[in-house]
2 protein chains.
Amino acid sequence: MSHPVSPLAPKHQPALPPIAGVRLATAQAGIRYRGRTDVLLVLLDPGTRAAGVFTRSKCPSAAVDWCRETLRGGQSARALVVNSGNANAFTGLKGRESVRLTAEIAGKAADCAPGEVFIASTGVIGEPLDATKFDGVLADCAGRTGPDAERWAEAARAIMTTDTFPKLATRRVRLGGAEVTINGIAKGAGMIAPDMATMLSFVFTDADLPAGVLQALLTRGVAKSFNCCTVDGDTSTSDTLMLFATAKAGNAPVASVEDPALAEFAQGLDDLLIELAQLVARDGEGARKFVTVEVGGATDDASAHRIAMSIANSPLVKTAVAGEDANWGRVVMAVGKAGEPADRDRLAIWFGDVRVAVEGARDAGYDEEAASAAMRGDEVTIRVDLGLGAGAARVWTCDLTKAYVEINGDYRS
Amino acid sequence: MSHPVSPLAPKHQPALPPIAGVRLATAQAGIRYRGRTDVLLVLLDPGTRAAGVFTRSKCPSAAVDWCRETLRGGQSARALVVNSGNANAFTGLKGRESVRLTAEIAGKAADCAPGEVFIASTGVIGEPLDATKFDGVLADCAGRTGPDAERWAEAARAIMTTDTFPKLATRRVRLGGAEVTINGIAKGAGMIAPDMATMLSFVFTDADLPAGVLQALLTRGVAKSFNCCTVDGDTSTSDTLMLFATAKAGNAPVASVEDPALAEFAQGLDDLLIELAQLVARDGEGARKFVTVEVGGATDDASAHRIAMSIANSPLVKTAVAGEDANWGRVVMAVGKAGEPADRDRLAIWFGDVRVAVEGARDAGYDEEAASAAMRGDEVTIRVDLGLGAGAARVWTCDLTKAYVEINGDYRS
C-alpha cells in the first residue's frame, strides 16, 4: 500500500557523503512487497564499533533480542542487515531461528562471525520470516556494495514500509583534530504504520571513539530526540536506533564521554538525531500539521516531559489541531490528566505567540481570531508554562486526521 | 450541535420509579443551547446523605472543588443543581464566585443552607458561567418538582451535551428487611465530547445508610464501573459521580460496609454503576462498536487493569476494530507498551471465542475468516491471557472512527 507523500515532507533530500569503512547495497528479496527493494546490507570495515538503544516493549521482536544479546557479547560490528515487509515479531521459536540463520548467511556474505552481524526487521507482525530468502541475496549484495550518496538514498528507501518519503540526515564536525562525518537514516514513526511497522534508525560515523563513549552519547542523544517524538503513543515492538563508528577519521583518542573534545561531535550527533526524529513525526500517518509542544515551569524536566507527552498524545488536542481549533481547554485537560504537579491557577498557555490563558483562566486579551490564525499554518507550536519551577521539555508530534483512521482502519478490511 | 443516535444505544429506555424524598425538575436557562433544557434541580428531603467521587485531574472544575469542600464540611444534602453548556472549568476566581452564587440561589429555592447544595457543570471550558441566569429559574423549578418517571427522563436529557441518548438505570433490592430502590442517570463519556463536556453521574436511593458506608460503597463500586470505561483516554476536569440516600426505606440500620446485610444492595449498586458506565462507552463519539477488553493471568489485578487500559486506549487497536480487522499484532504491541510484567512467549489472545495467538506466536489453528467474523458484530470482545498469575481485569471502550475525528476536529473550525 502506498500513500501520497506527506505535505510535511522536506522539499529536498540531502546527498549523504561517503563514510570511510561503510559500504551499502539493497536488493529485492520478495519478502512481502512486489517491485521494490526490501533488504539493506551494510558492510562495515574491521574495527567498527557499535552502540544501540531499543524498544522498551515487554514484547520485543526477535531481531531486537538478537541485537541486545550481540551487543552484550561485544561491540565489534561488521555487517547490518535490515528487511522491510516482515517485523519477525511475536514469531516465537521460529523467529529466533530466523535471526540466527540470517546472521549466518550475512556472516558468510560479509566474511565475518554471525556475532558481528546486526539485524533489524520491520513490517507485518506474527508472520514467520523465511530467512532462506536471504540466501544468495545477501552474497549478491556484498558484491555490489558502494559508499556513494545514491547508495544512502537507496538504503533509506529499502527500509520504508508505509513511510511516504525516505529519511536521511548528515553532519560534518571537528573531533580531536580531524573532520568527521555522521550520516543517519530512519523510517516510520513509532507505531504509525499498519501491522506494527516500526521506528528504525541507523547512524554511521568515521569517528574513532570507544564503544562505551558511543553508547553513552547515543543513550543521552535519544532522550532528547526520538524519545521526544510521538505520533499515536503506540510504542512498537521493534524500535531500534544503532550507531556504528568505523574509526577511520584519524581523530585523537577520546577517553571518556566527559572529554570536552567531544563537545562538537556530541552536538552534531544530537542535532542529527533530532532532525531524524522530526522527519519521523512529519511522516506520521495522515499528518497534515507538524506540532511542537513546549512545556516550561514544571517541577523538573522529567515532569515537564510527561506533561508534554500527555498533551502530544491527547486525541482531543490532536483532533483540535487537525481542525485548526485553538481549543486550549483541551490543553488544560491534558495537563490535568498527566498526574504531574500542576496548579490550575498558575497555568499559562500559548498557541504560537498568542497567549490564550493565564493564571488559571482565559487571557483577558484573548483574541480568538489571532489564536485561530496561529493554528492555520502547517507548523503549530503549543506552549505551556506551569509556573512552578525550572523543569522544561519539548516534544514533537502531528495532528490526528481522518486519514490516520482510514489508513489504520481500512488496511485489512 | 447534534449527532445521529449511536447505533449502540439501548432499544428501550427504562422507566425509573419514584424514590421517596427525591423530586426533580428541569428548565431552560439559556446558558449556551437554544430550544432545549440545560438545568436540572433535584430537591432532597431532610436527612438525605451524600457521597461522591470526582476527577483525579490536577485542573478540576470550580464545581468539583465546591462538591469536595462541601462533602468535607458534612454529608447532608438538600439540593443538586446540574447545568449543561458550560463546564465552569478553568474560570479562575470568577468560577469560584459563580459556584458560591449558584449555591446561594439554590439554597433559597430549596430552603436550605448553601452548604447542603451540590453542583455540577458540563460543557464549554474556560468560559465564565453567569450564575445570575439561575436566579428565578431555580426558584421556578423548585415549585414544579415531581418524583415520576417522566421527570427522571427529563433530568437525564437536561444534563446531556453531545450525548446522543439519555442514560438511565434502576435497581430494586432488599436491604435490612425493606425493599429499596436505586436510580441513576449519567451523561457523556470521559472526554469524548468537544470542549470538555464531562462524565457526570448521579445515583439516588431511599436506603437508610450512614454516609461513611455510602462513600465506601461508591468508592468500591466506581473502581469496577466508571474507572473501567474509556473512550479516548482523555480524563476530564469535571468527572463527578454522586450517590444520594434519602433514608426513607425504613430498612434496619447498617453499621459498617462489611455488614453482610449490605450484600444485595452493594451488588445492585455495582450492577447499576456498570450499566451506566457501559451506556457511556456505547455513546462514545463516533462509536460504531462496543468493545470489551478482558485481561487474565496477570501478576495482579492492578497490573491487569493497566494492560487492559493500554489495549483499550491504543489508537491502532481501536482503528483496527473500526476496520473489523482481527489485527492481534496490535494487541501484542499494546500489551508490550503497558510496562507491566508480560512474557511474550506465554501470551494468548482471543477475538470473541477465536484464539488467534498462543505461546508467543500465531495460533497454529488460526483461521483468519473466523477471527474476522468475530470482528463484524457491533459488540467485540478482545481477551488476553498473560499466563503469569491470577490478576484479572475487564474494561469497556468503543472503536475509533473517522466520525470521532470529524466531531472533535470540525467542531469549532
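A Cβ is built for glycine as well, from the same backbone N, Cα and C atoms used for every other residue.
Listed in TrEMBL for this protein:
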BINDING   B:THR161, B:LYS187, B:THR198, B:GLU285, B:ASN408, B:SER413  substrate binding site
ACT_SITE  B:THR198  active site, nucleophile
Cβ-based proximity (under 8 Å) of the binding-site residues B:THR161, B:LYS187, B:GLU285, B:ASN408 to chain A, or none
B:ASN408
Binding-site residues considered: B:THR161, B:ASN408; fewest surrounding Cβ atoms within 10 Å belongs to B:THR161
Is it possible to get the count of other C-beta atoms within 10 angstroms of the C-beta of B:LYS187 (substrate binding site)?
29
Cβ neighbour count (within 10 Å, all chains shown) around B:GLU285 (substrate binding site)
30
